[in-house]
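Working notes for the structure below.
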């Protein structure tokens with residue numbers, strides 16, 4: 001037999017290439033969806049919504065009820081509202097401090113909402129101006145008691161990267177309530193023509209609000225002040241820290257250019273908007289506010305709060321300019337919508353800034369002080385607007401407020417730059 005053939009030689013190994021090959025990038029990671037807000041945040045938003053529905057059902061008709069039904073004057077109406085709001089701002093400081101000292105936020109919030117709910121049945125039963133005054137004070141004191149503890153509770157429940165979204169959501173739902181309340185009141189008035197019946201119906205959403213808070217929100221553990229002292233002392237306020245006081249000072253200064261929304265309605269009437277349509281102008285502002293607050297808050301968690309906050313105050317300056325030059329319905333509506341967008345870009349973000357800057361064991365005190373300072377700024381702005389409106393007219397009022405806002409923005413930016421350069 002012939003000898004078997006030898007196997008074929010193995011092919012030579014290829015020489016290693018000296019040409020560099022491009023590195024293959026690893027596959028891109030799928031985008032991570034932002035974490036969902038806790039259920040309790042949504043519940044707090046609904047609590048605000050239902051209480052606002054109740055309050056606005058009453059407030060939409062209260063001036064008519066007082067003046068036409070009980071014979072009060074416009075001056076009395078103004079005094080009632082001014083004193084009630086001032087009382088609310090002062091009470092917020094003490095309730096926030098108490099929530100820090102006791103380490104209990106939900107209980108104070110439930111008490112505040114409950115007090116407001118108990119005030120609602122007094123309105124349909126009122127037979128005198130004095131009873132309405134008592135009901136309004138009870139309602140505003142309740143609002144003051146619940147405000148700072150509720151906001152501190154919100155900050156306690158969410159991670160720092162969710163605070164803008166959380167406060168923006170609450171503002172949006174709160175404003176939805178402010179839109180629905182007058183609509184419900186108008187519908188019931190069209191059906192019944194009975195103001196007292198509308199006031200009685202307002203009790204139901206108020207009770208629902210309290211029930212949702214009591215049953216639907218669980219309070220996380222709260223840090224009490226580390227030194228065990230009462231936070232509302234000079235030493236306690238100093239422990240709020242420099243970042244907090246800088247944020248509060250900037251907010252108070254920036255808000256000197258924003259007066260009460262009643263002046264928007266007066267401007268609408270001034271340029272010829274029919275009295276029956278003036279509430280629709282206010283509704284446009286609230287719709288813009290409600291639609292922008294949550295997206296703006298969520299965006300602030302990604303891009304940073306200060307940039308969006310400054311953008312919001314630039315919108316306020318533009319709104320002032322539009323309203324100063326307004327000559328008809330379209331321009332007034334445009335200015336009012338810009339005003340609503342300003343609110344959407346600032347209200348929730350300001351609250352998130354306070355939560356970011358304040359120590360965890362003093363958040364209640366921080367929100368109380370913040371509400372007091374900003375409330376005083378808004379009061380001064382409204383008083384100044386009233387004086388200017390009477391002396392020089394609406395165009396000068398809005399133009400001056402726009403100038404104040406621009407000056408406040410510029411000074412805030414310069415102060416921020418000076419801090420950065422140190």
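Each residue, glycine too, has its Cβ placed from N, Cα and C.
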With TrEMBL as the source, identify the stretch among 35-57, 58-80, 81-103 annotated transmembrane segment.
58-80
Any chance the transmembrane segment (395-414) and the transmembrane segment (332-355) have 3 or more Cβ pairs under 8 A, given the pairs are 6 or more apart in sequence?
no
So which residues does the transmembrane segment (367-389) touch in its own chain, when a touch means Cβ under 8 Å and the partner is 6 or more beyond its ends?
85-86, 89-90, 92-97, 147-148, 151-152, 237, 240, 247-249, 251-253, 255-260, 263, 266, 350-351, 354, 358, 396-397, 400-401
